[in-house]
Amino acid sequence: MTNIRKSHPLIKIVNESFIDLPTPSNISAWWNFGSLLGVCLVLQILTGLFLAMHYTSDTATAFSSVTHICRDVNYGWIIRYMHANGASMFFICLFMHVGRGMYYGSYTFPETWNIGILLLFTTMATAFMGYVLPWGQMSFWGATVITNLLSAIPYIGTSLVEWIWGGFSVNKATLTRFFAFHFILPFIILALAAIHLLFLHETGSNNPSGMTSDTDKIPFHPYYTIKDILGLLLLILMLMLLVLFSPDLLGDPDNYTPANPLNTPPHIKPEWYFLFAYAILRSIPNKLGGVLALILSILILAVVPLLHTSKQRGMMFRPISQCLFWLLVADLLALTWIGGQPVEYPFITIGQLASITYFSIILILMPISGIIENHLLKW
């Protein structure tokens, strides 16, 4: 008799995805982040569900309802901080996952890569809308500034912004619709993640060497289930250290002040995981130019596969590309730092230089290094 996990229509899908899945025998810990992102998503949906039971999406009571969750709801404080810091963990895993994809050439799976970019955009939209919900000062002004960027679109810009706001400023209608979207988008992310996995399993996983691993595969369970559980334990450890010891470390103190449309905070800035894109936006003096640069800073990932000039897939045996990759990482850290600084000298200049460096490395230097390394192989 056939094993039920191989014959049952539903269990068979799980079996082919997580148990009997043929996996390269040499994938490193950098391949853990996919499963960690899945765990983060489930954690965010669960904590978010419990928060939504007590939250009210009304400008008059939103701030009070979040305070009520922290003070009066059983374990409300831990649910709230797990949700807020869980988002930070989500983005740490996301950046690591995308970075691994770029380093090891996983972008050569075009469908998987493009759905990944779509997932990144959707997650960023979800996180932005979630940041507006507590209705603190930074929530309100962040929503005002970021939605206002759409007014840079010629001809339809102003009408589009007012349509999104549901009025002439960020108001009750805006908060209500942001809550509705923030609730539904994680489920769309879940569906996209399933499609992402579907396309990945069509081709099989990449591996650090970048070479085909058809001759050397091992079953996913128990080898990689155990390995993923180790990664999961470390993730939970980091998350709980944040939640229990310094829950407000990554937040903004201004968000503990209720939203006041008549009082602008001295420095309006988004959450830390958007600072690199915010720095690129601010580095261009023109409004439309800044918005385009902001979108392109993420959309540039879509052209990475087209700019691959090397005969090798990953960067494991490509020292020049490795140097450029880590320079790009350092540059992104610099942009993150600049995004949180006031708009004054020398930060403006540093931001502009870091933005130029960011686009130059990806669009110009990486393809050139690939060509140089191809020639070095002939020597």
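Every residue gets a Cβ built from N, Cα and C, even glycine.
Just so it is clear, the model here is predicted, and its values are computed rather than measured.
What Swiss-Prot lists as heme b b562 binding site is His83, His182. The annotation heme b b566 binding site is assigned in Swiss-Prot to His97, His196. Per Swiss-Prot, the feature ubiquinone binding site maps to His201; the stated evidence is similarity to another entry. Residues or ranges marked as transmembrane segment in Swiss-Prot: 33-53, 77-98, 113-133, 178-198, 226-246, 288-308, 320-340, 347-367.
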*Ranked by the number of other Cβ atoms within 10 Å of their own Cβ, which of the binding-site residues His83, His201 ranks first?*
His83
*Would the transmembrane segment (288-308) count as touching the transmembrane segment (347-367), i.e. at least 3 C-beta pairs under 8 angstroms with sequence separation of 6+?*
yes
*Between the stretches 77-98, 113-133, 226-246, which one has more Cβ pairs under 8 Å with the transmembrane segment (288-308) than any other?*
113-133
*Specify the count of other C-beta atoms within 10 Å of the C-beta of His196 (heme b b566 binding site).*
21
*asked:* Quick check for the class: what is the C-alpha distance, in angstrom and rounded, between His182 (heme b b562 binding site) and His196 (heme b b566 binding site)?
replied: 21
*Where His196 (heme b b566 binding site) sits in the secondary structure, as DSSP reduces it to three classes*: helix
*Determine, using Cα-Cα distances only, which of these binding-site residues is closest to His83 (heme b b562 binding site): His97, His196, His201.*
His97
_Under 8 Å between C-beta atoms and at least six residues away from its ends: which parts of the chain pack against the transmembrane segment (226-246)?_
29, 32-33, 35-36, 39-40, 78, 81-82, 85-86, 88-89, 93
